[in-house]
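Novice: Attaching a single structure in structure tokens format; questions to follow.
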Amino acid sequence: MVTVLLIFLCLPVIFSSSTFAAVSDLDPECLAPFAVYLIFTFVTATCVCSIITLLITSLQFFDYYYVRIVYRRHHPRYQNPQIAALLQLQP
């Protein structure tokens, strides 16, 4: 689970950097107006999706660790072994 979250945290950086690298070599004076607007739309959509992905994954990442910290701090007599196994915690 942690590796999946870390991969999803890296995806926005990869998407943004690859999009900006691809667009940085373009010369807008040589392109038709429609192509420039299409590229601008693509870059904007990529940035918005990257920000949304980063936000959602960050919330999941913090929630993942917050649940484990709260569960470990809870009084030991209330800790359920089945829940600990579900959270993959060591007793």
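Each Cβ is built from the backbone N, Cα and C atoms, and glycine gets one as well.
I grabbed these lines from Swiss-Prot:
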- 1-21: signal peptide (SIGNAL)
- 22-33: topological domain 'Lumenal' (TOPO_DOM)
- 34-56: transmembrane segment (TRANSMEM)
- 57-91: topological domain 'Cytoplasmic' (TOPO_DOM)
Novice: Which value does the mean pLDDT take for the topological domain 'Lumenal' (22-33) in this predicted structure?
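Specialist: The answer is 80, the mean pLDDT of the model over that range.
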Novice: For the topological domain 'Lumenal' (22-33), how many residues does DSSP put in helix, in strand and in coil?
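Specialist: Final tally across the stretch: 7 helix, 0 strand, 5 coil.
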Novice: Where else in the chain does the topological domain 'Lumenal' (22-33) make close Cβ contacts, counting only residues six or more beyond its ends and a cut-off under 8 Å?
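Specialist: Distant Cβ neighbours of the topological domain 'Lumenal' (22-33) are 39, 43.
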